[in-house]
Amino acid sequence: MPHRKKKPFIENKKAVTFHLVHRSQRDPLAADETAPQRVLLPADKADTEKRKEEQRDFGVFFDDDYNYLQHLKERGPSELIPSATSKSKSCIITDQDGDKEKEPQHVPGPSINLPSSVFASEFEEDVGLLNKAAPVRGLCLDLDPDIVAALDEDFDFDDPENQLDDDFILQANSDDLRRSSHEKDDDDDDWEDVESGSEENDYDSDGTVSDEDDGEGDGARKEFLFMQEETKSRFTEYSMTSSVIRRNEQLTLLDERFEKFYEQFDDDEIGALDNTELEGFIDSNSGRLEEVINDYYKQKAKDCVKLKNLTPRDGMDSVTEEDDEDKEDMQTIVIEEPREKWDCESILSTYSNLYNHPQIIKDPPKAKLIRVSVKTGIPMDVLPGRGLTAKQVERMEMINSSDIPRVSTHPRKDESKEERKARKQAIKEERKERRVEKKSNKLAFKEEKSRQVKEQLNLKQNLQGLKLS
């Protein structure tokens, strides 16, 4: 059998290479547990050297792997790019009569279709998932100041007004607190007190007419007309349960407090918004556009002064006002002081040493302090020093004559055992003599010091005993 070349499983020219990377934090599926956290990123097949050479032609000299050419496009008229191309090709078929016909030829699609979940999302959010979860720093204007103070440990817990009583729940449910809250309400004028015994306006909370007489006098119950109740609210996110629950006095009081709280954030005047961008299309023959133009011309006509209504006196007044404005215009002129100018001779004199003698300023030496002996009270280094006595000179000569050359501690290469033994013995004797000499020197210096101290004490006593006549 002839050898047939096997078709490769993957064709390198038509193959697409992907990189397995982590999903972006701005991807909406980053927080989805069911979606894979790693996606496929198509690899760029373009030659790096060729791309960098083309970038240098356009003036881009950055030495990195980023493709800056993707932000460039050719100058010219805009053209329409079709969203999808047809996968069918046409081939020409010639009949026996010589007629040519085009017949569509279907091209098979890709053999492998990857799901969209393995790729990154087409749309990304402006803020990533980690930045959303980052802690908020700085001023929190949307929080209660008392809560912010408590979090920052600036809340005064010792103030009696900031402390709750043990029975604060009973105090909140008491009749006195409800009555005082109703008296302080600014919207009490919108309600009408109705006697419970009246037949015309006797309604219960459900809106039905009550035929029973609940009592008269001090125990009579006050109710309000439903038609006069303000039903408009600033809240738009009521739950399903709150819309059907019967509003008792506590819930009504809570609603009123929320209404009062949100009244503080109402805008008295709502004007035009800044930097408003309007997009859209309006016909030039539109009636709305004509109304806007007419309103503009009417407003301009009101602001301008017509010639028939302008008198000569008015014209003179306007001229005089313009003259006064011209006279009143004042300009502030800053006059700078003239700088000192140097001529050629003066500036050259600073470079010569004819009149300029630069030198280093020396620090004068400090005066030497007089040191006084603690024992004698006499200034030191004043009396002349005494020389050595005959006994001291004899001792020094004996010490100098007793000096012997030191024995070498380094052995020779050709040293025998007897020589080494003799050398070690000599070293021991030398060290012994040195110790004896050192001890004798210490004793001699100690005796000399004690003798000098005694002489100084005697000298001090003799000086104090002198009497000047």
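Note that Cβ sites are derived from N, Cα and C of the backbone, with glycine treated the same way.
Over in Swiss-Prot, the protein carries these features:
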- 24-53: region 'Disordered' (REGION)
- 44-53: compositional bias 'Basic and acidic residues' (COMPBIAS)
- 77-113: region 'Disordered' (REGION)
- 83-93: compositional bias 'Polar residues' (COMPBIAS)
- 175-184: compositional bias 'Basic and acidic residues' (COMPBIAS)
- 175-220: region 'Disordered' (REGION)
- 185-217: compositional bias 'Acidic residues' (COMPBIAS)
- 399-453: region 'Disordered' (REGION)
- 411-453: compositional bias 'Basic and acidic residues' (COMPBIAS)
- 412-467: coiled coil (COILED)
**Request:** Could you give me the DSSP helix, strand and coil counts for the compositional bias 'Basic and acidic residues' (411-453)?
**Result:** 37 helix, 0 strand, 6 coil
**Message:** If you average per-residue pLDDT over the coiled coil (412-467), what number do you get?
**Reply:** 86
**Fill in**
Secondary structure split (DSSP) over the region 'Disordered' (24-53) reads 10 helix, 5 strand, 15 coil
